[in-house]
């Protein structure tokens, strides 16, 4: 395969030791006649593929951080164990990408120095294990969390232009070791094959922007208004979710809507609670250990008032922001109790914000009574009905008759033959494309998407023209005065052309320079061989 003209002994040792686990010098290596075989090239190709595979997983890991709190809640419901699994994900991913990156860099440096790519068997096993772990991660993602594939599609609208620049830069740097290998290898067929593959990849990358679309590629004067913020269970990064403290913290974040979940107690009092069981957000296991596994609706209001709904927030730290809370907020959080819907409505009325809620559980045998009881509390509270956003689909017609001023929000897209105009929709952010958001906006339909926590995602939806977003991170999105990036189409076109031209020139330079180096090396080797031949002849005489 490739000739083994090495670099200096020290460099050869430093590179070969971690890659091949061999303390040998270039001179010894040349004496042994070691070469990079087809078998070694196959392992290098596998290394390159594993690196790319792990790099893609790193991208996915960063993207799914927006929704990882949902995963933590899912694990708690299944195993009754609370842990911020995002830390485990990031640490494991960092280890895998660091290992594969280090091996790839070593291999490329060895190739530039003309050393053989003799990958040690330990690395071979670890590479296969790395590929299997990443494949298992992708498989699990597809089975248990399939909607994250849609999240990746949305993320490409935010990262597409920058991924293109990074890919062009990476492939441009790859031109140096590739040119070195091509000018050293003796196989004409392999040389032609590698050149064709590389040229095809570069042409595809150079033309990739033709298929890249992003709502943030627009003129400044075309940017829609900033989406309104809807506090998901209040401000759960700053206070225990679904408590009055969480509502007040959400108000401080300038949210326009407090989003919550309502259940009805056994004695007919609507209260705020998301989970069907009380174990995650209260101390029910300590107060009522024998009843802890019961549905939240099985408890009467007197029992519910005995529960602590705040200490879990300080103990389990569902978000990293809990660690930085001031002492005053910690004391207030520890005093929180489960609020009734009436208390939440009163607080919303005083703060002049709207309240949007789901009524749970939808499959309860007494659900119609839940609807009637909830409506009764709303009507008695005195809150302006236009500040109440009704999400439940069950018995919606009865709600329209009893409280005609309530604003109805639908958890679905509009239908073709809609009998009544749909004015508000509430959907996962993965379920609406930028084109659909723009169309709904033109038709004066308010679109609220959930749950949006990361600035990059908020920026994409802002550029798309969404009306509002439900968020856990209202304190972060509140501070955003502008999308993370906004590029006029002409500016992006110029960046595209400049990047491609610079890359093309560097690639040509790399091949020309490596050709000259190869020619000089072969000339020097030829002169050395002639000199050695003359010396041998003289010695024989």
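Glycine is treated like the rest: Cβ placed from N, Cα and C.
In TrEMBL, the transmembrane segment annotation falls on 163-183 of the listed ranges 163-183, 226-246.
In TrEMBL, the transmembrane segment annotation falls on 190-212 of the listed ranges 6-28, 190-212. Outside the transmembrane segment (41-65), and at least 6 residues removed from its termini, the chain residues within Cβ reach (under 8 Å) are 1, 71, 86, 89-90, 93, 96-97, 100-101, 103-104, 107, 117, 119, 124, 127, 130-131, 134-135, 137-138, 141, 145, 148, 151-152, 155, 159, 454.
Through the fold, the transmembrane segment (493-513) approaches residues 161, 164-165, 168-169, 171-172, 175-176, 179, 202, 206, 209, 487 of its own chain, all at least 6 residues removed from its boundaries and within a Cβ separation under 8 Å. Among the listed stretches 85-113, 163-183, 190-212, the one sharing the most Cβ pairs under 8 Å with the transmembrane segment (125-143) is 85-113.
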